[in-house]
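Engineer: Before I ask anything, let me first share the structure, which is written out below as structure tokens.
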Amino acid sequence: MKEFDTIAAIATALGEGSISVIRVSGTDAVSVVDKIYRGKKSLATVDSHTMNYGSIIDPQTGERVDEVFCAVFHAPRTYTGEEVVEIQGHGGIVAVQRVMRLVLNHGARLAEPGEFTKRAFLNGRIDLSQAEAVIDVIRSKTDAAMKVAFRQVEGGLSKKIKELRQKMVEMLAHIEVTIDYPEHDVEDVTIQHVITQGDSIVEEIHRLLGGATTGKILREGLKTVIIGKPNVGKSSLLNALSRTNRAIVTDIEGTTRDILEEHINLRGIPLNIIDTAGIRETEDIVERLGVERSREALEEADLVLFMIDASRPLNEIDRELAEAVKIRPTIVILNKTDLPRLADLEELRTLAGDFKIVETSVATGEGMEQLERAVEDLFLSGGIEGQESTYLSNARHVALLEKAGREMSEALDSARMGMTLDLVAVDVRSCWMSLGEVVGEAVADDLLDQIFSQFCLGK
Ligand code: GDP
Ligand code: ZN
């Protein structure tokens with residue numbers, strides 16, 4: 001168990017029902033509550049998973065604040081994996097808040113939103129997809145979103161994913177044996193096995209995605225802003241992206257009329273590219289609104305696509321915008337690479353700093369693939385954090401599942417085309433890692449161990 005300070009929060013909705021629950025978690029949970037609890041026995045001496053009747057007393061005045069049951073749960077078999085005490089009071093809202101204040105005055109700290117769940121994850125009590133789903137439950141605004149999230153808490157998704165990954169470990173074990181002992185001439189058998197298993201895995205991934213899409217549509221996309229000086233190709237990019245990426249049809253309440261939103265689905269990542277009114281008529285955000293207004297648009301953005309014109313020298317607007325985009329996750333796009341280059345690449349590298357630079361020609365389609373991959377990489381690596389992060393976990397799962405599906409399909413193509421087994425294994429391994437990221441499991445390092453344990457079990 002990791003050592004953490006002791007946190008507390010009121011776990012029940014304020015003002016609802018007659019029972020209120022304060023949850024305390026951390027190494028000192030029992031001793032903190034014990035300081036303000038009077039019952040038959042001190043909480044330090046009671047058994048784990050017991051309910052204890054008593055009172056909460058203000059030690060300074062000796063006054064009895066509430067009549068309570070204290071549930072004591074010793075680590076590690078608790079929600080957070082830590083020492084947990086739940087104080088169930090009866091005295092209504094004022095009493096709850098007084099008890100809460102006493103808890104905080106005797107060694108606990110107010111928990112941040114989602115902190116209990118975060119600890120449960122860090123202590124290995126739940127996996128990442130379950131943790132994210134709990135956060136979704138807390139934040140989901142509609143009943144439908146709630147139901148999707150609840151199913152995930154129960155571990156439906158993670159259970160499926162673990163099964164799929166286990167199948168892949170078996171596939172890899174077969175491949176390893178075949179590569180290590182080629183004289184057995186089992187290659188054909190192995191390839192047949194890989195194809196059969198791989199097909200069923202792709203099918204299962206698509207089934208999962210079918211369900212996940214429903215969850216995705218309940219949420220908004222990543223707010224994306226395309227920014228750059230006049231004529232760099234912003235509108236062309238938006239058109240190209242919308243043309244090649246199936247739009248998600250959403251009907252979000254409260255969308256104001258004067259904001260144009262282009263919803264696109266880029267490799268499973270829902271992007272919501274925003275144009276303020278009229279930009280498309282006058283064709284330029286910088287010209288019409290100035291750099292100041294571009295800054296405002298940036299503040300709203302989860303992701304910025306910052307375009308530079310390769311066919312013109314860098315100028316003051318480029319430099320100012322480069323400074324302005326620093327506050328947001330950004331991909332720098334060097335566009336019009338089909339024309340003779342006049343932009344100074346050296347200076348651009350300095351301006352871009354840590355941001356990735358992708359070279360494109362929107363006109364010829366050159367580099368669009370790399371651009372999409374850059375967005376995907378940034379998103380999957382957690383580099384984009386939504387300001388309204390409710391949709392993120394779900395969209396992240398969808399994107400990772402789609403990636404895994406593509407990787408397994410590639411493995412199958414290689415197998416069918418008679419490529420060597422090590423090449424097939426590369427794609428199977430990528431697929432295994434992508435699925436691992438959904439459940440937040442350690443990647444790569446434990447794959448070999450798993451393959452070896454497979455040998456022991458199977459043979
Ligand atoms: P915006 O003002 O940034 O929205 O730029 P537009 O998308 O309206 O593009 C300005 C001009 O550049 C148009 O004539 C486009 O056809 C052209 N353009 C856009 N991308 C490219 C490119 O990659 N190569 C070339 N040669 N022209 C481009
Ligand atoms: Zn434009």
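From the backbone N, Cα and C atoms, a Cβ is placed for every residue, glycine too.
On a predicted model such as this, the values are computed, not experimentally measured, just so you know.
Sequence annotations record features per position, and here TrEMBL assigns (6S)-5-formyl-5,6,7,8-tetrahydrofolate binding site to ARG23, GLU86, ARG125, LYS459. According to TrEMBL, the feature GTP binding site maps to 231-236, 250-256, 275-278. Per TrEMBL, K(+) binding site is recorded for ASN231, THR250, ILE252, THR255. According to TrEMBL, the feature Mg(2+) binding site maps to SER235, THR256. If you look up TrEMBL, you'll see 221-380 marked as domain 'TrmE-type G'.
Give me the lay of the land around each of these features.
Structural biologist: Of all the Cβ atoms in the protein chains shown, 21 others lie within 10 Å of the Cβ of GLU86 ((6S)-5-formyl-5,6,7,8-tetrahydrofolate binding site).
Under the DSSP three-state reduction, ASN231 (GTP binding site) is assigned to coil, being neither helix nor strand.
In the shown protein chains, 16 other C-beta atoms lie within 10 A of the C-beta of SER235 (Mg(2+) binding site).
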Engineer: When the Cα-Cα distance from ASN231 (GTP binding site) is computed for each of the binding-site residues ARG23, GLU86, ARG125, which gives the smallest value?
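Structural biologist: It is ARG125, whose Cα lies nearest.
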Engineer: Based on a Cβ-to-ligand 2 distance below 6 Å, what subset of the binding-site residues ARG125, LYS234, SER235 would you report?
Structural biologist: LYS234, SER235
Engineer: If you draw a 10 Å sphere around the Cβ of ASN231 (GTP binding site), how many other Cβ atoms fall inside it, taking every protein chain shown into account?
Structural biologist: 17
Engineer: Cβ atoms within 10 Å, counted per site: which of ARG23, ARG125, LYS234 has the most, among these binding-site residues?
Structural biologist: LYS234
Engineer: Whole-number Å only: compute the distance from the Cα of ARG125 ((6S)-5-formyl-5,6,7,8-tetrahydrofolate binding site) to the Cα of SER235 (Mg(2+) binding site).
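Structural biologist: Taking the Cα atoms only, ARG125 ((6S)-5-formyl-5,6,7,8-tetrahydrofolate binding site) lies 48 Å from SER235 (Mg(2+) binding site).
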Engineer: Identify which of the following binding-site residues, namely ARG23, GLU86, ARG125, ASN231, LYS234, SER235, place a Cβ less than 6 Å away from any atom of ligand 1, and list them by sequence position.
Structural biologist: ASN231, LYS234, SER235
Engineer: Using Cα coordinates, what distance in whole Å links ARG23 ((6S)-5-formyl-5,6,7,8-tetrahydrofolate binding site) and SER235 (Mg(2+) binding site)?
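Structural biologist: That comes out at 52 Å between the alpha carbons.
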